[in-house]
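Enquirer: From TrEMBL, here are the annotated features:
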type     : residues : note
TRANSMEM : 7-28     : transmembrane segment
DOMAIN   : 23-288   : domain 'NADH:quinone oxidoreductase/Mrp antiporter transmembrane'
TRANSMEM : 60-81    : transmembrane segment
TRANSMEM : 93-115   : transmembrane segment
TRANSMEM : 152-171  : transmembrane segment
TRANSMEM : 178-196  : transmembrane segment
TRANSMEM : 202-219  : transmembrane segment
TRANSMEM : 240-261  : transmembrane segment
TRANSMEM : 281-304  : transmembrane segment
DOMAIN   : 290-342  : domain 'NADH dehydrogenase subunit 2 C-terminal'
TRANSMEM : 325-345  : transmembrane segment
Amino acid sequence: MTPQAKLIFITSLILGTTITITSNHWVVAWTGLEINTLAILPLISKSHHPRAIEAATKYFLTQAAASTLILFSSMTNAWHTGQWDITQLTHPLSCLVLTSAIAMKLGLVPFHFWFPEVLQGSPLTTGLLLSTAMKLPPITLLFMTSHSLNPTLLTIMAISSTALGGWMGLNQTQTRKILAFSSISHLGWMTIIISYDPKLTLLNFYIYTLMTMTIFLILNTNKVLKLSTLMTSWTKNPPLNMMLLLTLLSLAGLPPLTGFLPKWLILQELTKQSMAPTAMMISTLSLLGLYFYLRLAYCATITLPPHTTNHTKQWRTNKPINTPIAILTITSILLLPVSPMISTII
């Protein structure tokens, strides 16, 4: 892919995201989502591998169906209420259809099937965009309509996503699929609190984006696509693997790392809302995710002699760790001490 084409697609992604998150009218938001979908498709299929073409086709069909549902939901609401404003979604059928559409856009259970397959067929850099930037417009729509949606339905979908994301990630050997199920699990945490404290959902999304960007960039630097390669990557760049270990533990939500902050605040808010059993359930289900994060961390840093594999070791590189990875790692593991300041901001 030529640099000019890549620039056009990245610019279109930024434009589509900006249009959606700044719009008040349903048709304008839908237009931004369509621009996003069309801009990411060439980035998914740029390798011309059959798996990449399959991933692009699956992504297009799923996103087209979700966009159709969003348009149908907004038109139904406008037909009954005369309102095209995003925040004025009041018709029950429209709310139900919109919940399904946004769940399909994000990859929430039970509309999650496309996401691991699409991520597996995409390059790591495109996978990073799919896991972070492409989720911002649907999360924004969910944020703007959160007061209208059914909290019980969202809670059921959130708990199902956390359970299935943790359960399905246990037996994976491909790093992209593991990160896809990790994303589904984290979306469960974001969705469960959206009806009660929408700002916490955005905080969780921002922190999740920081940690996921760090992991994807480290894996891309080390050219790691599966666990067997990860086991031998410690010889290539030991400091980078140590940063990967800490970021994975942060993504798992272990204190005193950054990833513990959103989980702590969400559990606190759920308890205030008299939902202690729900809080206990979702925190217990997150232990499933902890297992495969620890598995990744073990493969990255603890398979040292004499516990080595039979794979050929990689040559050590003398390249310095680039600045973005260093900054992202620091923010991914050291933000917990400033949590009082973050709490006052949100």
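Cβ atoms here come from the backbone N, Cα and C positions, even for glycine.
Map the listed features onto the structure and describe their local environment.
Expert: Residues 34-40, 42-43, 70-71, 74, 77-78, 84-87, 129, 133-134, 136-137, 140-141 of the same chain lie 6 or more positions beyond the ends of the transmembrane segment (7-28) yet place their CB under 8 Å from a CB of it.
Long-range neighbours of the transmembrane segment (60-81) within the same chain, counting only residues 6 or more positions beyond its ends whose Cβ lies under 8 Å from a Cβ of the stretch, are 26-27, 29-30, 33-34, 37, 41, 88-91, 93-95, 97-98, 100-102, 104-105, 111, 114, 118, 141.
Tertiary neighbourhood of the transmembrane segment (152-171): same-chain residues 96, 99, 103, 108-110, 112, 116, 177-178, 181-192, 194-195, 275, 278, 281-282, 285-289, 291-292, selected by CB-CB distance under 8 Å and a gap of 6+ residues from either end.
The list of residues near the transmembrane segment (202-219) in space but at least 6 beyond its ends in sequence, with Cβ under 8 angstroms from a Cβ of it, reads 124-125, 127-128, 131-132, 135-136, 139, 143, 175, 179, 182-183, 186, 189-190, 193, 225, 240-241, 243-244, 247-248, 250-251, 258-259, 261-262, 265-266, 324-325, 328-329, 331-332, 335, 342, 346.
Beyond the transmembrane segment (240-261), the same-chain residues lying 6 or more positions past its ends with a Cβ under 8 Å from any Cβ of the stretch are 182, 203, 207-208, 210-212, 214-215, 218-219, 221-222, 233-234, 286, 289-290, 293-294, 296-297, 300-301, 321, 325-326, 329, 331-337, 339, 342.
A Cβ distance under 8 Å defines the sequence-distant neighbours of the transmembrane segment (281-304), meaning residues of its chain 6+ beyond its ends; these are 158-159, 162-163, 165-167, 169-170, 172, 175, 178, 181-182, 185, 188-189, 192, 227, 230-231, 233-234, 241-242, 244-245, 248-249, 251-254, 263, 267, 270.
Within the same chain, residues 203, 207, 210-211, 213-214, 217-218, 221, 240, 243, 246-247, 249-251, 255-261, 264-265 sit at least 6 positions outside the transmembrane segment (325-345) and bring their C-beta atoms closer than 8 Å to a C-beta of that stretch.
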Enquirer: Would you mind giving the whole-number mean pLDDT across the domain 'NADH dehydrogenase subunit 2 C-terminal' (290-342)?
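Expert: When the pLDDT values over the domain 'NADH dehydrogenase subunit 2 C-terminal' (290-342) are averaged, the result is 77.
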